[in-house]
Amino acid sequence: MRAWAYMLGGLIVWTVHFFAIYIAASVFPGLPLGHVLTLLITLACLAADAWLIVRLRVPSGGDDFREWMRKLALVGAGISAISVLWQGLPALIV
Amino acid sequence: MSSETGFDPALYDRFPTKGERPAGELKQLEDIWCKPKGWELLTAVNNNYIGFFYVATAFAFFLLAGVLALVMRVQLALPLMGVLPQETYNQFFTMHGTVMMFLFAVPAMEAMAVLLLPQMLAARDLPFPRLSAYAFWAYAVGGLCFFASLFVGLAPDGGWFMYPPYTSTTYSPGINADFWLLGIGFIEISAIAGAIEIIVGALRTRAPGMTLAKMPIYAWAMLVFGVMIIIGFPSVILCTLLLELERAFNWPFFDATRGGDPLLWQHLFWFFGHPEVYIIFLPASGLVSMVIAAVNRTPLVGHNLIVLAFLATGFISFGVWSHHMFTTGMPTLSVSFFSAASMAVSVPAGIQVFSWIATFAMGRARYNTPTLFLLGGLITFVIGGLTGVMVAMVPFDWQAHDSYFIVAHLHYVLIGGMVFPFFAALYYWTPMTSSRALSERLGKWIFWLMFAGMQVTFLPMHLTGFMGMPRRVYTYLPGRDWDLLNMISTVGAFLFGAGVLLFLIDCARNMRFTTDNDAGNVYRGGTLEWLPTGLYSTRSIPVVKSRYPLWDDPDLPKDVEEGRYFLPNSATGLRETIVTSPLRAEPQYVQIMPGPSPWPLLAAIFTAGFFMILTIQAYYTAFANGVLAIACILRWMWDTDRLVPDKKVDVGAGIMLPTYRTGPGTHGWWAMIILLIVVGMIFTMSVFGYFYLYGIHPQFWIKPPDVTWLVPILLGHGGGAGLAILARYMLARENTELWTPGVLICCAAASLLFGFGVDCWNWTAHGLWPTASGQGAIVYAFQSLQGILVFICVLMAGYLSARNSRALIVCPRNNTMDLVVMFMCYTAVEGIAAALIARLFPGPF
């Protein structure tokens, strides 16, 4: 499971972010608290993505397969960061 | 090189082996994997047969649903046509959508996987051949019964997404809706069985050396597909169950006047329904990615990015379900999130499309039939994708919702994203299963007829939608300027139909099913399914060193055929394959595989009988079918999980592997974990329903029973789990002749039954009944789910005791025991969670 969590870390962050902001917006519909929570959750998830990217940036020094996993995880974390930002934007503009 | 399991990768250097293999090995393989004859075909479980039957049946449903579409197009060709009465038209469009989505698209993709995956991974078969056979027969028998409802005017008529309150007993009093609810709910069980097979197959039966990085892109697509099914399909199983409970027993889940809510259905349905689109598209995308590399004679450009795109699609597609509900008045912020996610999900699709274009640019494309279908699919899918981004924008969706624009959009996506790739795949892989390839000349005619027909049919529908024509109307008045566009669409539909008819003629002329005399690698593919094969798959299982082993090692087919790799014989004298580790595909053990059996077929027939007869409310007959189905499944299971005399066998080059393993590394353990995820998702979605109903209508909720009642309930469930674990522990210590493990498992089941009984009794004594309110309905839905699990635990306890009494539960550890204990522990956890949630939230107020 650790290997899968390593490889899918970024996408897992995106999932946590999406469902967390959905719950926040549903529990506090139309209230400023919903927006504030969305922003806080977005910042936390961006921080998690940034942490993943920093950790994954350095080559692991393992064999080809290990490197393949690292690169996949790194790009996944990058995509996750963009998606989290994109997903959190409505809280600023709606 | 690192190792995942302790296996020394240097051992791979022993292959290909030198010297002649002993005479008679091949004959032994052929005898063990012999062809079924005559009626034995019905008992076949080998993937070559089941896969072929499966693809053919899925295609038959495509034809049937296509005929319905043609009749509908005749009805709509001119205003006020009288070909179909309104009620029949409603049944036709419902059946067209339902059959295409549930009986063609998803099963066709599973069918291709059953046919292709073992060969592509160089496994002897998928890990649970009898489960494949059961899934196929259940689907075929159930699907045909379901379709036959149309001939007696009892077909469902509420649209393929069956929204309540249209489909409640008030507005749909007949049994038409019940056919849908029970039929589709049952067919989804078959889909889940297939998904379990595919996930375990892709992760545990790959050829040695085929790490995830070297795994064919199609296997990646099917892996994500399988995971999406086990996450998404439980939701539709739950909502069909809830609506059927409402219709049969008046439990008001979706009745807003009694604390239910019709939008709950939409949430549950679309949590499955939108990922369903990607569940259909991803395998097709995998097929495209395989074929595109072959026809361009170049490795797929952006392989890793496509893998990532599959994974990203798998995640993001579960965050877009509410974009089907933009017009229902959800909170603005929530709507914005779903709109953003709906736009974001086009990014992974875009990555795939650009990778395919780049592959065409890098390679030397041959413009044969598969290539034409690939290009046609690409163009069509991109158009559908762009209109998808349009409807992801909320204001646009408000205008286009439920208009013909949506009909056009979804057909562009599904035909471009799945149907054309499917035809490309049929042309490309037919030489693998037929002694003759399909005709290239006819194939080009077929493509152009279908492609032109597709565009002529659906392009005008964008305009028809903009001009205000709502979907699902059975006719329209003259003078609204819809006439010409509808006539054009009808002409296009018949063009498309002519293409499909020509394909049938091509199949009749050239398709000759074979298992040992195929036409071979006509399109020069580079992956393992093009190795010479028999019913045993490849003669020996090669060590994989690249993504396109046939291109990189031209001697591979010869060496494999001469038995110079793993398992060149039958090491145990039985059907077997090598189980490898999930990441690096290192050999772990030899799995003994079950052979032909009539029990999966019989179990499927009785399971279908149970659900279908339940629809017509013949309860005793349905019950009898259910009992027989269970008996057949238990009988089929009885032959499995047996030891063989040799604990370790030589699988080639002196490498010894065990023939029996227990614990987390086994394929059975993985299958049980996946099954428990499915069950857990059903429960999770019901918990969502619980909170949702409280959030919408708290005024209907009453105070729960006193929390002190939690004590016996938790003791019952906790005791059940504890006793089950103790039984496993005792097995390692005791001689099975003492009966201790079997007795303990029975006590565990009794304890779970006690916990469940107290929970149920407590609610009824408290005065809450399922018909009273949304709260009552959802609380008893928890109880119903728990009741099903406890019933299965009781069955398992009886089965395990019976095996124990025949000394089939071997010490110190045994797979059957492990899996039963896991299931019982899960049942206890779910029972405890349900009891706590229902009593502590919203709590005494």
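Glycine is no exception: its Cβ is also placed from the backbone N, Cα and C atoms.
According to TrEMBL, the features are:
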type     : residues  : note
DOMAIN   : B:39-557  : domain 'Cytochrome oxidase subunit I profile'
TRANSMEM : B:49-72   : transmembrane segment
TRANSMEM : B:92-116  : transmembrane segment
TRANSMEM : B:179-205 : transmembrane segment
TRANSMEM : B:277-295 : transmembrane segment
TRANSMEM : B:333-360 : transmembrane segment
TRANSMEM : B:372-394 : transmembrane segment
TRANSMEM : B:406-430 : transmembrane segment
TRANSMEM : B:442-464 : transmembrane segment
TRANSMEM : B:599-616 : transmembrane segment
TRANSMEM : B:669-695 : transmembrane segment
TRANSMEM : B:738-758 : transmembrane segment
TRANSMEM : B:820-841 : transmembrane segment
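Taking Cβ pairs closer than 8 Å, the transmembrane segment (B:669-695) reaches residues 127-128, 192, 195-196, 199-200, 203-204, 230-231, 233-235, 237-239, 242, 253, 259-261, 264, 267-268, 271, 663, 701, 774-775, 778-779, 781-782, 785, 789, 815, 818-819, 822-823, 826, 830, 833-834, 837-838, 841-842 in its own chain, all 6 or more past its ends. Same-chain neighbours of the transmembrane segment (B:92-116): 47-48, 50-52, 54-55, 57-59, 61-62, 64-65, 68-69, 71-72, 84, 126, 132, 135-136, 139, 143, 146-147, 150, 155-160, 180, 184, 187-188, 190-191, 194-195, 197-198, 201, 218, 222, 225, 229, 276, 279-280, 283-284, 287, 414, 418, 422, 425, 429, 432-433, 472, 529, counting only residues six or more beyond its ends whose CB sits under 8 Å from a CB of the stretch.
Each of B:179-205, B:333-360, B:372-394, B:406-430 was scored by its Cβ pairs under 8 Å to the transmembrane segment (B:599-616), and the highest score goes to B:179-205. Two recorded stretches are said to be in contact when at least 3 C-beta pairs lie under 8 angstroms, sequence spacing 6 or more; the transmembrane segment (B:442-464) and the transmembrane segment (B:372-394) meet this definition.
Residues 278, 281, 285, 288-289, 292-293, 296, 298, 300-303, 305-306, 308-310, 312-313, 316-317, 319-323, 326, 374, 378, 381-382, 385, 388-389, 392-394 of the same chain, all 6+ positions outside the transmembrane segment (B:333-360), place their C-beta atoms under 8 angstroms from a C-beta of that stretch. The transmembrane segment (B:406-430) shares the most Cβ pairs under 8 Å with B:277-295, out of the stretches B:179-205, B:277-295, B:738-758. Long-range contacts of the transmembrane segment (B:179-205) within the same chain, counting only residues at least 6 positions beyond its ends with a Cβ under 8 Å from a Cβ of the stretch, are 94, 98, 102-103, 106-107, 110, 113-114, 117-118, 121, 123, 126-128, 131-132, 134-136, 138-139, 142-143, 145-146, 149, 154-156, 158, 162, 167, 215, 219-220, 222-223, 225-227, 229-230, 233-234, 236-237, 240-241, 243-244, 247, 577-582, 591, 607-608, 611-612, 614-615, 667, 670-671, 674-675, 678. Across all of the domain 'Cytochrome oxidase subunit I profile' (B:39-557), the predicted model scores a mean pLDDT of 95.
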